[in-house]
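Trainee: Just passing along the structure, written as structure tokens.
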Amino acid sequence: MEIMVARYAGFCFGVERAIDIVKDAAKEYSSVVTFGPIIHNPQVVGELKDAGVATVKSLDEVSKDMSVVIRSHGIERKEAEFLIENAGNVVDAACPFVKKAQRAAARLSKSCDYIVILGESDHPEVKGIVSYIDIPYKVIESAEEVDALDYVEKYGFLAQTTQSISIFEKSAEKLKQKCSELSIARTICSATEKRQEAAIEVASKVEVMIVVGGKNSANTTRLYHLCKEICPHTYHIETVSELSVEMFQNISKVGLTAGASTPVYLLEKVREYILEVAR
Ligand code: SF4
């Protein structure tokens, strides 16, 4: 059996950076917590918890004796203001690409009549981005949703960092027909773009595709859906325990990829399992 691993898979720059920042903070301060899970990977969050870094889920839990680390996918403007006032220390581990999207939202908010964001409205990153918008806006999940929008003088358009490039471009084309002027902020991060392209390339050549990463991870779920469109036998798993021998029966080519919040060792365990099955 041949195993093809996507050229870009696993931890991205923003996730590695966030984990390094948490570990450094844990050395420097006592009582370090993250505000929300630092990344969307339950295994990594569990490891940090074992190392003494807990996760707080609401602002009510924050106190002056805590050093609070802002998660990789950012927080809302009011939450950041609250932490500065009420936490002992605030350590910002938000990914620079997420911060760029937040700044773009604030900028478009000053120059446009209405803003459209391609993303998942209930995702914490999107909640953070829209918190910087002071004018009417709408979060869309597909290009088709643009059809229902009214004509305005000037639309602003941006995306959650982990969205699909092709849906973004399709939505932008449709939005151009809905306004006199369209101001676009390209906020999909390069790590997402590279992982999507590499995953699609592998999925088009294999019979079974395995996508490893948190079920709560937007970028991993996006990889899964993109691969599933090309390779019907695509599975989204968090750990090797979700695999079974039956998945690989009579299969000669298997593809592997992992979301940007997935540590490489989890991907490696999956590869070892498949090699074992193939023996
Ligand atoms: S996927 Fe992109 S935006 Fe998200 S943490 Fe990684 S580099 Fe940053």
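From the backbone N, Cα and C atoms, a Cβ is placed for every residue, glycine too.
From TrEMBL, for reference:
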- Cys12, Cys95, Cys189: [4Fe-4S] cluster binding site (BINDING)
- His40, His73, His123, Ser217, Asn219, Ser261: isopentenyl diphosphate binding site (BINDING)
- His40, His73, His123, Thr161, Ser217, Asn219, Ser261: (2E)-4-hydroxy-3-methylbut-2-enyl diphosphate binding site (BINDING)
- His40, His73, His123, Ser217, Asn219, Ser261: dimethylallyl diphosphate binding site (BINDING)
- Glu125: active site, proton donor (ACT_SITE)
Trainee: What is the Cβ neighbour count of Cys95 ([4Fe-4S] cluster binding site) at a 10 Å cut-off, with all protein chains included?
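Mentor: For Cys95 ([4Fe-4S] cluster binding site), the 10 Å Cβ neighbour count is 24.
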Trainee: Between any two of His40, His73, His123, Ser217, Asn219, Ser261, the residues recorded as binding isopentenyl diphosphate, what is the biggest Cα to Cα distance in Å?
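Mentor: The isopentenyl diphosphate-binding residues span at most 15 Å between Cα atoms.
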Trainee: Within 8 Å of the Cβ centre of Cys12, Cys95, Cys189, which other residues of the chain have their Cβ, at the recorded [4Fe-4S] cluster site?
Mentor: Phe13, Gly14, Val15, Ser72, Pro96, Phe97, Val98, Thr161, Ser190, Ala191, Thr192, Ala260
Trainee: Within 8 Å of the centroid of the Cβ atoms of His40, His73, His123, Thr161, Ser217, Asn219, Ser261, which other residues of that chain place their own Cβ, given that this set defines the recorded (2E)-4-hydroxy-3-methylbut-2-enyl diphosphate site?
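Mentor: The surrounding set, listed in chain order, is Ile39, Ser72, Glu125, Thr162, Ala218, Thr220, Gly259, Ala260.
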Trainee: With the Cβ atom as the reference point and anything under 6 Å counting, tell me which of the recorded positions (His40, His123, Glu125, Ser217, Ser261) are near ligand 1.
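Mentor: Listed by sequence, the hits amount to none.
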Trainee: Sort the recorded positions His73, His123, Glu125, Thr161, Ser261 by C-alpha distance from Cys12 ([4Fe-4S] cluster binding site) and give me just the closest.
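Mentor: Comparing Cα positions, the closest of these recorded positions turns out to be Ser261.
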Trainee: Expressed to the nearest Å, what is the distance separating Ser261 (isopentenyl diphosphate binding site) and Cys95 ([4Fe-4S] cluster binding site) at their Cα atoms?
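Mentor: With distance taken Cα to Cα, Cys95 ([4Fe-4S] cluster binding site) is 12 Å from Ser261 (isopentenyl diphosphate binding site).
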Trainee: Could you list the residues of the same chain, at least six apart in sequence, whose Cβ is under 8 A from the Cβ of His123 (isopentenyl diphosphate binding site)?
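Mentor: His123 (isopentenyl diphosphate binding site) has long-range Cβ partners His73, Gln160, Ala218.
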Trainee: Among the binding-site residues listed here (Cys95, Thr161, Ser217), which has the Cα closest to the Cα of the residue listed as 'active site, proton donor'?
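Mentor: Nearest in space to the residue listed as 'active site, proton donor', counting only the binding-site residues, is Thr161.
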Trainee: Please identify, among the binding-site residues Cys95, Cys189, Asn219, the one with the smallest Cα-Cα distance to Thr161 ((2E)-4-hydroxy-3-methylbut-2-enyl diphosphate binding site).
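Mentor: Nearest listed residue in space: Cys189.
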Trainee: Would you say which of the binding-site residues Thr161, Ser217, Asn219, Ser261 has the most Cβ atoms within 10 Å of its own Cβ?
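Mentor: Checking each of Thr161, Ser217, Asn219, Ser261, the winner is Ser261.
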Trainee: Compute the C-alpha separation of His40 (isopentenyl diphosphate binding site) from Cys95 ([4Fe-4S] cluster binding site), stating it in Å without decimals.
Mentor: 13
